[in-house]
């Protein structure tokens, strides 16, 4: 039996090789997985032309996944530098990479990325439009925006961020409800500017059905972008954000009618006490579609440390139902991330995702922690390094500060609680001041 997309196959009762791969990785019953793909609760971004893909699932009952943003820009156009980041992201087992390239040899970089990456690849096609057409924003036609999406889809991109919820109604709500930081989504601000300059409807909203035809043809998952995501905790959960979320819910149903998989993008900057409610709102208004959040960043005062503010928010968001975390690096709000910035962002995001999985009782999530605790109890340093989320750093810290005795560290020495409890439980003397027999 033929099928067009993962959702189409699932609705026809078919199990694809991508579904089998996801079920195996997650330890989920294949029929439960297939049913959740059929109803849109799980998305498996898997473009038919991405031949190196090792498919992952995003959504209900699955591990929280993380995405890494990278790409070339006018100020940093070196492709090799970004490809080094790609290789590192893959080594660190990021499940997704988004190419946010906006200038230079974007097509060359994107094709290299798709060819080499087993991780799912996402793009924001509007970023590429200005450079691709070599036109000022207001001179790009609606059809040209759509054509860039098709170009990315043909090349093998697994998911595309489309800010279709910023229509004239959403724009009117934004105008009536002033914000401290206006529109901070790059793609959203570009579309809003295009709409204002041309006095026209958002082309991604007006020609949404055409976009869905493209996504269905190549099995591209549509990641509905949040143009009105809050860029400060002051603007969180305001009228513009919620109005757009309601539109995204309507667009979700239209996509599912065409068997196109959907993810919903979310905040953004948000105080801790608003995060749980926002997860409920998205799942309710967008019919249980997977939720993909940037952070949330829980305070605005920490430039240089936003991988931490983001990890705090990401852990809370994941514990309350977010399915996919976009990493944030220490360079957020300051510069294009370096390779080291990227590593720190990945680690912080992976910690947040795992902490969320423990809280929402994803099967097997606690096993890793229990194994680490057992290794600590046994003072098995090699096992601890092997299990660490960042083995290199854990090993380096111990080697930089060697203890006198191998069964302790330089923090506690022979007063180590693990060491002493092990000895006492075995009926031995702890010998803090004397050498062991």
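Keep in mind that glycine also has a Cβ here, set from the backbone N, Cα and C atoms.
Keep in mind the model is a prediction, meaning the values are calculated, not measured.
According to Swiss-Prot, the protein carries these features:
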{"type": "BINDING", "residues": "69, 98, 127, 163, 185, 186, 187, 226, 227, 228, 229, 265, 292", "note": "substrate binding site"}
{"type": "BINDING", "residues": "269, 333", "note": "Zn(2+) binding site"}
{"type": "BINDING", "residues": "409, 412, 416", "note": "[4Fe-4S] cluster binding site"}
Cβ neighbour count (10 Å, all chains) around residue 412 ([4Fe-4S] cluster binding site) is 13
Between the Cα atoms of residue 416 ([4Fe-4S] cluster binding site) and residue 127 (substrate binding site), what distance do you get, rounded to the nearest Å? 54
Residue 69 (substrate binding site): secondary structure state under DSSP, collapsed to three categories: strand
Ten-angstrom check, please: count other Cβ atoms within 10 Å of the Cβ of residue 187 (substrate binding site), all chains counted. 22
Per DSSP (helix/strand/coil reduction), residue 292 (substrate binding site) sits in strand
As a test of the contact definition, list every same-chain residue at least 6 positions from residue 229 (substrate binding site) whose Cβ is closer than 8 Å to its Cβ. 184, 185, 188, 241, 265, 266, 267, 268, 294
C-alpha spacing of residue 333 (Zn(2+) binding site) relative to residue 69 (substrate binding site), in angstrom: 14
Of all the binding-site residues given, namely 269, 333, 409, 412, which is spatially nearest to residue 227 (substrate binding site) at the Cα level? 269
In sequence order, what residues of the same chain, 6+ apart, have a Cβ less than 8 Å from the Cβ of residue 127 (substrate binding site)? 71, 100, 101, 102, 186, 187, 190
